[in-house]
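Okay, structure first, notes after.
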Amino acid sequence: MFLVVIWPNLRLRGLCHAGPCFYSFVFMSPSHTVPPPTPVVPPLPALFDQLGQSYVLADRQGLVVDVNATFLALTGYERAQVLGRSFYRLFVPPSERAAREQAHQDFVQRERLDNGLECAVLTRAGYVRLLRWQGGFARDASGQITGLWLAGQEIADRSASPIALAGHDGSHLQEFLDNAQDLVMHLSADNNLLFVNKAWKEKLGYTDADLAHHSLTDVVHPYYKAKLLYQLRNLYEGEPVNKIETVFLTSTGKPVHLIGSLSAVREPGQPVSGHAILHDITDRIKAERLQKVYYSIANLAISAKNLAALYGAIHRELSKIIETSNLFIALCDDARTELQFAYYVDQHPQPRAHAPRPFSSGISEYVIRGGQPRYITRAEMQQLVQDGTITSFGLMPEVMLASPLSVGERIIGVLVVQDYHRPDAYAPGDLDVLHFISNQVALAIERKRNEEQIQRQNARLNAIFESGSHLMWTVDGRGRLASFNRNYGAYFLRRNGAPATRGLDLRVADLARMDDEPRSIFTQYYQLAETGQPQRFEVRLRDLRGRDLWIEVHLNPIYLGDGSFEEISAIAHDITEQKRAQLALEAQEEKFRSIFESFQDVYYRTDEAGLLTIVSPSVYDVLGYEPHEVLGRPVQDFYYEATTTDRLASLVEHTGGLRNFETAMRHRAGHPVSVLINARRAVQGAPGSEGIARDVTELHQMQDDLRLAKNTAEAALEAKTQFLANMSHELRTPMNGIIGMIDLLNQTVNTDEQREYVDTLRKSSDALLTILNDILDLSKIQAGKMRLQEGALELKAVLERIRSLFLYRAEQKRLVFTYHITPHTPRFIVTDEVRLLQILSNLVANALKFTNEGTVSVVVSSVATDGDYHTVRFAVQDSGIGISSDDASRLFTNFTQLDTTSSKTYGGTGLGLAISRQLSELLGGEIGVFSDTGQGSVFWFTIRCRQAQFEDLPVLLPAAEGPVQAFLTPPHILLVDDNPINQKVGQRLLHKLGCVVDVAIDGPDAIARATALGANYDLIFMDIQMPDMDGITATREIRARLGTGCPPVVAMTAYSMQEDASRFMRQGMDDYVGKPVKTQRLHEVLHRWVRPRPARRTRAVAEPPGPLALLAAPAPTVAPEAVAEPAAGPVPAAPVAAPVVAAPAASLEPVLDVAVLQQLQELGGPEFAADLYREFEEEAGQLLAEAAPLAKTANETNGTALLSPLHQLKGTAATVGAVALAAQARVLEIQLKANPAADVKDNFLVLQHYFVAFTEAYASALALPADAASG
């Protein structure tokens, strides 16, 4: 199927001499076999400029891509004003614009163009020009349409009318017809030529004399003669003939293609005749053939099997448009060193005329150097030879056409046609045809040459690919196997049990079957190779039988000419045996190197002359020399005594070796180093000796230090014994005085309140004396002289005592402190109660010290039974800071503190756990810890005890203590504390002692009150930790302002260690009172610093208006100490002590702790307690109302805004005994700290429930009589 596109009046230089011409392109579409798509490039615009035609190239949307100068001259635009603009918006009249745009889209969609269209063009000046358009499509490499090009010829406004020859003025008619460009002739009925015009004779080359002897049949091409005569006969018979197309022969026999019209002339009395007006379309036909040949040659580059076939096909195609009896193609290399005649056909072949020759001065070289097509006649050629410009090779033709074969800017050869007989065999216009075709010929030849070169390279590469023992394969960008050689195929089958195939996904078929390590190695290096980096690595694989395979792999990226990544090339070879030998050697070398370099002793070897040949690196540690500094030197240079070398050599020579020879060697610094030498003659008959020198300097020093340490320890032990004896005396004497006075005071009490105070004093002093006795008896424990005082006791009473001792401290830190005794544990046991209390108080004190939030609980259980004897386990569990496993190993030793820095957080003597360990062992058990950093701790110990019988139980009588006497003259006191609860407790205690109290809420307030005009305080109690300004800073400012008139300032703080008291007093404090504050301690401090003075104005003692904290519990019997952080291990949960007032089922905590209520009533009376609870209800209710909206939206906004009210509610609730409410507030606080966006609505509802339950519980408790509430 052929599609012929024709441009009317398209002139090709040299092809059209007179009259209109046609230029055509031929598109061929095979019916069956479709070759790979070839880009279709539109003709060059300059070509149409030569033909005087307008040219436009537009893309698929109608935007102008290119135009020629003729079109710009026609429309009056500049090129820059046209490119990128819509052709139809710029050049089509508005009335036709929509239809023309739609037609453009239809052409692209149908991929078919209607040629011969006559369409108007709008110029810049507004004029309309009418053009006849022809065109075609531009396509890319894939065959897709990228645009549409059009070539147009302006249509002249001519009108034609029949002209009768007879009856007109002959001269005027002759002039008119001779000036016409078309061929005009008048025929008789028997086809004789009655008249022809000048154009007819010039076109066909006939003279008037020739026409006298020729008829129409003589000038018509034989192929077209029958058709034309048939058309004339029909015309004469009266049938209309609209158009004829035929071929005339010139006088030289060349065909002239004509198209035109025929008309019959019928006049009365005259025979019929015919008029013919014919237009020469020879150039158009040639152009069509030229275009067909052009595209045929483009397709030949794909379809030709090889270069020889390509050259033959090119010859055949060229013969369709030009004389090619003598044709050759000569090719040169890029360096122009050789000329090779790739194709040579000649009517007069000369010997070796087409053999390869050096690139010299022949006519072919002349054209290649010039780079331009040449039309050369014989005369011109002879002149070039005469001038020495060229050298003649072979027979000289009459005429030659030569065109260089160009690929871009590079000339690869020349295409030549020639004729030996006729000088007019080629017209100059044929050179344009040859040059036009030569570009496509060059492209086809270059492509086919490249293909053959690639084929040769592929053949060579394939030979290399399949030869040798290497594994070769390539992998594409998707990890698929692109190619592989036989060796790789065998390897793949051996390793994976399946054959390798192209396109196989190696990630699934190969890498997935590897072990983790080689799969990771291959994946890593494949990824690196894809980034353009060549890779080399060794990897161990395993075949189907489980045998190890070592291969060395090289990966190289393969890139295309445009720089895009194509594949990864892989080459590998089996190095299993080599690797095994290498690994074995490396293992041996590493083994001996490690042994050699790890020597602490010095290994050396000498030759027969005594020069050191080998020495171990340890020579630097022993003697201070680097190995290279001693090698090659005589060994005697390093002995401290010169005679040592001779003695050593003599012993080795006579005995073959020696052992434990002690001598001194010289250190690099000059001092002697004691060494122990073992030496022998060199093995395997080699001359010289070898040996090992061991540094025994530290051993000697250690022996001396041990002797010194023994003497020092014995002296220290004696001093310690004397010190403990003296301290025992000094401590017991005042303690006995205190206890005695308390007993005397107990006999003078008058009220139950005073008796309670005295009883508390007695218990605290007893506990303190017990602790002091335990510390002083540490030496007895270590010496084995400690004697247990066993007796019957009730476990619950012991735990209640521990709870009462530490409950206040727990409440201060907002901790839940509980205990639990398992059901199978005996109620009464026989053991040393004092020692049991000492261990428990120490562990509980430590748990409270190191726990900032959460719970501390004591769990007692019987873990083993042997008749009446039980092994009872006590576990103290906390939710504190925990202890690491490394630190846990250092616990339970004397004077051990994990935090020994100057800024340590927790103090202590480091004796508590050591004493507890020894006491637990005395009680027949052991002690240990389960802990992990940040997870809390469980300290546990066991004792072996007997279950008590009835006769073992003692009768316990309560003891009473006397009251503390108040001041007769009220001292004037300034109490400084930022906590309202502490303010009210302090006010109440000082009021009991008869003091007048003013309260300052922070540091600036304290400064203002203390320095105010008329202020006359006897004593200032100053809190240390306060916001904005701490107590130390406030004290310094007060002293700076008052000078010598400043009253004593006593620190009142939770810091409880002696070193804290010393530090505060160094910073300007006069004395120290620890929290919780005890009345006795306040009384002592007041009596120490307040001097009697004359009566002065007194102030009314104000009752504390707010809630009051729990009464202070007695001090623990063992001072708390710094404890190591607990070790890792499981932390068992401890059940909670039973509540006093029933709580909802959802909680294990009491709603109201009645013991707190009783203490508040004892301290301030029933009305004070009731006011305190009502004030708390009002304050807590307001906090809950403010927090409720925040709780509803906590999961949508930041819930941290709830933390402040929750923290405040938690602390105040614990103070008034609202245990369940405080615990639930803590649950919410922990939840929000862990996740500020948590949904806390449900937990907040529980919190509100506990608040309502508390208000009902305290109201009910206040309504009961005092004895009923306590019961």
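Each residue, glycine too, has its Cβ placed from N, Cα and C.
Given the structure is predicted, the values throughout are model-derived calculations rather than measurements.
Some features that TrEMBL has for this protein:
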| type | residues | note |
| --- | --- | --- |
| DOMAIN | 44-111 | domain 'PAS' |
| DOMAIN | 169-239 | domain 'PAS' |
| DOMAIN | 535-587 | domain 'PAC' |
| DOMAIN | 588-641 | domain 'PAS' |
| DOMAIN | 726-947 | domain 'Histidine kinase' |
| DOMAIN | 972-1090 | domain 'Response regulatory' |
| MOD_RES | D1023 | 4-aspartylphosphate |
| DOMAIN | 1165-1269 | domain 'HPt' |
| MOD_RES | H1207 | phosphohistidine |
D1023 (4-aspartylphosphate) - helix vs strand vs coil (DSSP): coil
Residue with minimal Cβ packing [other Cβ atoms within 10 Å] among the modified residues D1023, H1207: H1207
Rounded Cα separation (Å) that holds between the residue listed as '4-aspartylphosphate' and H1207 (phosphohistidine): 21
Within the domain 'Response regulatory' (972-1090), residues counted as helix, strand or coil by DSSP: 56 helix, 23 strand, 40 coil
DSSP state at H1207 (phosphohistidine), helix/strand/coil: helix
Counts by DSSP class (helix H/G/I, strand E/B, coil) across the domain 'PAS' (169-239): 39 helix, 12 strand, 20 coil
DSSP-assigned states of the domain 'PAC' (535-587) in counts, ordered helix, strand, coil: 12 helix, 30 strand, 11 coil
